[in-house]
């Protein structure tokens with residue numbers, strides 16, 4: 001009963017305070033219900049998570065609602081109210097990227113139409129790089145070995161013909177011995193076969209380094225290009241599909257290079273040589289059949305493969321979708337478990353697999369049709385040539401050895417022809433895979449240095465940040481900041497407060513140059529941030545975000561990520577300053593403990609301390625704390641705030657605190673309150689509380705009242721527990 005009474009007072013106080021805000025906010029009536037526009041988009045943003053240990057009644061009635069401002073609502077559902085408020089038409093920066101995704105994808109589609117010829121041309125730059133003599137020598141040597149292997153390979157049927165013709169004697173006569181010339185021909189036959197294989201393997205070994213270097217360079221340059229793309233581009237992409245596209249693209253490069261050097265060029269050379277030999281040895285009729293066969297075979301293969309290409313594209317699309325679903329599910333494993341949505345995601349993944357299966361079945365069926373057609377064309381030609389050869393032997397124009405030579409030459413073409421079909425097929429598929437990779441490289445880098453960027457260094461600090469009439473929106477339509485102007489003083493602690501979606505976190509993104517403003521300027525020490533060198537600007541800014549991004553590596557390596565070149569002594573020092581030493585001492589593996597993917601193996605407070613250690617190591621002159629303590633309990637929050645004050649409140653650094661919890665910023669030298677993308681008010685904590693109609697004052701009163709009631713509830717809980725124990 002004690003706790004229940006406190007809870008009811010908590011609900012009533014929350015209700016009355018919300019109604020106080022309604023005096024300065026709008027209320028939208030929808031039917032017999034009322035949608036409330038509140039400065040915060042959900043209940044927890046009005047204070048701490050007050051209902052974490054208490055249950056919220058599904059509905060509550062209050063006559064106060066009916067009397068206040070003529071509102072006619074008699075029964076307001078808390079969940080509906082929370083949902084309604086969160087859907088209020090405030091510029092929501094958390095969801096602003098959804099609209100930009102469509103625009104981004106449209107832009108990408110227009111910008112990255114790449115032909116297969118263009119892909120091969122771009123790839124050739126890596127096979128024949130300018131100024132790299134070693135690679136060029138390897139390529140030329142590989143081509144020489146290729147030609148040598150094919151010349152020896154064509155000689156094999158001639159040696160075999162001579163052996164057959166040389167055997168055309170009466171071996172029943174005991175006086176007949178194996179001629180020395182025939183023995184030499186047999187040896188040459190064996191050497192030619194072995195030489196062709198040896199030259200081919202040497203070619204493979206020599207060209208392997210060229211191919212792998214090309215793959216390495218393309219992959220590295222693609223990765224570096226992706227790292228340069230703006231934040232909006234990355235937020236509009238699914239990581240699983242992106243990594244799968246890169247993986248398939250690099251494999252496609254490997255196949256294209258091997259196909260070009262090991263198959264297409266050798267096959268073309270061998271077909272030309274065989275046609276020439278047949279024309280010279282046996283007349284134009286044999287060469288004509290051979291040439292016609294090659295032509296029909298190639299046309300059929302190319303047209304059928306072009307028809308099959310769309311099935312491969314469908315399979316790739318389904319594969320990307322499945323990979324994205326799987327990766328998202330694994331990354332958000334906890335959320336999946338919290339909401340018991342394993343079956344939903346399994347079904348979603350299953351649907352992607354079904355689409356992939358159907359596409360792959362079509363690929364296999366069309367492959368069977370292609371192989372059958374190729375075999376029909378080749379077998380028909382071979383049968384016709386054998387008939388002509390047999391007719392020539394019977395007529396005395398050809399020897400048995402000539403018939404064997406024709407058969408060997410044509411059969412020798414069957415292997416490269418079969419390869420030609422599969423190579424062209426795989427080449428087309430690899431080019432499709434490579435197209436996705438090369439498309440990534442064609443995306444425009446929007447945030448770039450100007451022609452003559454200015455440097456920024458510690459000697460220029462402390463830094464003043466100034467926004468001059470800044471307007472910005474993530475999708476170009478809904479504006480998050482609207483003609484906003486304010487100054488963050490140098491070397492002081494400045495806080496930015498306001499409702500969700502008012503543009504608080506956008507301030508950080510614009511200063512850091514994740515984005516550039518549509519209108520106005522962002523100045524650091526009087527210089528537009530667009531005039532600074534991007535790398536130097538970002539080195540001067542340290543960020544402790546609400547959800548610290550950690551790598552699946554050790555604590556030591558995650559801290560070291562703040563400044564890779566830092567010494568062990570420096571890393572140890574910042575670990576001590578961030579009060580991580582006690583945690584590390586308790587761990588069996590100490591600082592070598594793996595934190596898990598995204599830091600899931602350590603608590604929220606420990607993650608934030610690790611983030612503080614990381615930015616301490618970076619030693620930036622401008623510090624942003626973006627809701628750094630909002631996800632922590634009160635005790636951990638206060639402990640972390642003491643650590644932050646101890647390390648960052650000197651006059652040497654400019655500190656900016658973005659916060660919903662106003663208690664955490666009450667000691668700030670300046671507080672800037674944003675509302676709907678504009679500056680509502682600014683001043684110190686005491687100055688803002690002293691003002692009439694102050695938004696900050698209203699928010700402060702609500703949070704303070706809720707904090708007091710939370711303390712009362714906790715006290716009543718403790719009292720009840722003591723009573724239970726005494727009983």
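Cβ atoms are placed via backbone N, Cα and C, with glycine included.
Quick caveat, the model's predicted, so the values are computed rather than measured.
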Given the ranges 88-111, 112-135, 184-207, which one is assigned the annotation transmembrane segment in Swiss-Prot?
184-207
Residue among 424, 474 sharing the ATP site, where Swiss-Prot lists 498, 499, 500, 501, 502, 503, 504, 505, 506, 507, 508, 509 as binders:
474
Membrane side match, residue 161 / residue 401, Swiss-Prot record:
yes
Per Cβ pairs under 8 Å, the stretch of 184-207, 369-387, 403-424 packing most closely against the transmembrane segment (257-280):
403-424
Among 474, 498, 499, 500, 501, 502, 503, 504, 505, 506, 507, 508, 509, recorded ATP binders, what is the largest CA to CA distance in Å?
19
I'd like to know the mean pLDDT over the domain 'ABC transporter' (465-701).
86
Between the transmembrane segment (139-160) and the transmembrane segment (282-302), are there three or more CB pairs that fall under 8 A, provided the residues in each pair are separated by 6 or more in sequence?
no
Please classify the secondary structure at residue 509 (ATP binding site) using three-state DSSP.
helix
Would you mind checking how many other C-beta atoms are within 10 angstroms of the C-beta on residue 474 (ATP binding site)?
25
Tertiary contacts of the transmembrane segment (369-387) (same chain, 6+ residues out, Cβ under 8 Å):
286, 289-290, 292-293, 296-297, 300-301, 304-305, 308, 403, 406-407, 410-411, 414, 417-418, 421, 425
